[in-house]
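*Asks:* Sharing a structure with you now.
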Amino acid sequence: MVKSTSVQVFLVITVISFLGLLVLHQSLNFGAFSKASKFIRKSVLAEQSSEEVPDGISEFRQSTDDPIDFQEKTEEALPSNRPRLPKALIIGFSKCGTTALRTFLTLHPDIVSPIEEVRYFNFNYTKGLEWYRRQMPPSTENQITIEKTPSYIMSPIVLQRIYLYDSQVKLIIIIRDPIIRLQSQYAHTYRNAPAGAHKPDFKIWVRGDSSDNRITHFVGYTKYIRQVYDQFPKDQILVLAEEDFEQNPLSVMKEVELFLNLKPAFSKDMFYYNKGKGFYCFNRENEFFPTVLKMVKVNNRTGCLGEDKGRDHPDIDDDFLKELVQFIRPHNEQLFRLIGKRIVWENFE
Ligand SMILES: Nc1ncnc2c1ncn2[C@@H]1O[C@H](COP(=O)(O)OS(=O)(=O)O)[C@@H](OP(=O)(O)O)[C@H]1O
């Protein structure tokens, strides 16, 4: 009797110990598993976000579904030299010197700019803000990023998107004698036409047809600039003239410097006038030139923008010129009233 009882007690103790050990083992295993799974999740997240360097925590949270992991990152942990979203945009107009304006601005030590038009707010919007940020060159906290896409100005929807992105963003617009702009666009459109290939006469091209009238399209600065004024406060908008910039880039650069609240850094030894090209070009001897080379495409020997700038323009016969001047002049007057300054355009003197 005593013997069978002690056997029973022994069996019960064995079973309990076995169960205890089993529970202990499972819980240890589960702990290890959860640690491992957390580690794997963190690694995946880190990999996903290694290129997506966030500017601000709250902004990044909008695009992640794992706020807990992200809370472990702090602003201090981010590298100071990283891509930052633009604080200023050159939004228009095409063929008005936007490329030269952008490239010359990069000579300022506090300005960085991507080498290509990013076209985020019109053609690449669905790629998201982190994609946009990744297109930017690295910058420090004290530098500002400027992006230029001259087609942004053409659409009110795009302007709304820009406003939603940053209602305080600074906008730079550059305009040019509308007739010269038409000539420039014509030269650009037929730039690759083989010699002897049929090209429409400039007059016919300008008139287009009822669905594609180039005069209204290329002359309509007022309509497009008004849309910008409707969306943004006036003190965030700077309207420049290509003619001023072409003749005296330094004074225009200084105007932009002031508009962007940057310290004065532009100086006349940064540029020189290249007679052959007919434009101001980079002075390659300037101390800032080596730094801007990653952000600009220039001829290595001359420091001038490429062959696609400064093309020959088509001739205009006198009658057609008169017709254009007559049609465009009232539009110019409207424009000058809107922007609050007059611009001297050689075709309208
Ligand atoms: N410094 C300097 N160097 C080169 N080019 C200069 C410069 N200043 C103004 N321009 C004028 O810029 C015109 C091209 O304008 P964009 O750059 O806005 O054209 S684009 O829309 O980006 O294709 C281009 O027009 P075209 O002369 O018709 O080629 C130039 O006249």
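Each position is counted from 1, following the chain as shown.
Glycine residues also receive a Cβ, built from the backbone N, Cα and C atoms like all the rest.
Worth saying up front: this structure is predicted, and the values here are computed from it rather than measured.
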*Asks:* So Cys281 is in a disulfide according to TrEMBL. Which of these is its partner: Cys96, Cys304?
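*Replies:* Disulfide partner per TrEMBL record: Cys304.
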*Asks:* Among the binding-site residues Gly310, Arg311, Asp312, His313, which residue has the fewest other Cβ atoms within 10 Å of its own Cβ?
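*Replies:* Relative to the other binding-site residues in Gly310, Arg311, Asp312, His313, Asp312 has the fewest Cβ atoms within 10 Å.
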*Asks:* Using only C-alpha positions, which one of Lys95, Cys281, Cys304 is spatially nearest Arg311 (3'-phosphoadenylyl sulfate binding site)? These are the recorded positions in the record.
*Replies:* Lys95
*Asks:* With Cβ-Cβ distance below 8 Å and at least 6 positions apart along the chain, what are the contacts of Tyr280 (3'-phosphoadenylyl sulfate binding site)? List them in sequence order.
*Replies:* Ala100, Phe104, Glu246, Pro249, Phe271, Tyr272, Tyr273, Asn274
*Asks:* Secondary structure at His313 (3'-phosphoadenylyl sulfate binding site) (DSSP, helix/strand/coil)?
*Replies:* coil
*Asks:* Round to a whole number and give the Cα-to-Cα distance in Å for the pair Lys95 (active site, for sulfotransferase activity) and Ser184 (3'-phosphoadenylyl sulfate binding site).
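*Replies:* On Cα coordinates alone, these residues lie 6 Å apart.
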*Asks:* Under 6 Å from ligand 1 by C-beta, which of these binding-site residues make it: Arg176, Tyr280, Gly310? Sequence order, please.
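*Replies:* Correct list: Tyr280, Gly310.
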*Asks:* Quick one: pull the CA-CA distance for Arg176 (3'-phosphoadenylyl sulfate binding site) versus Cys281 (disulfide bond), whole Å only.
*Replies:* 19
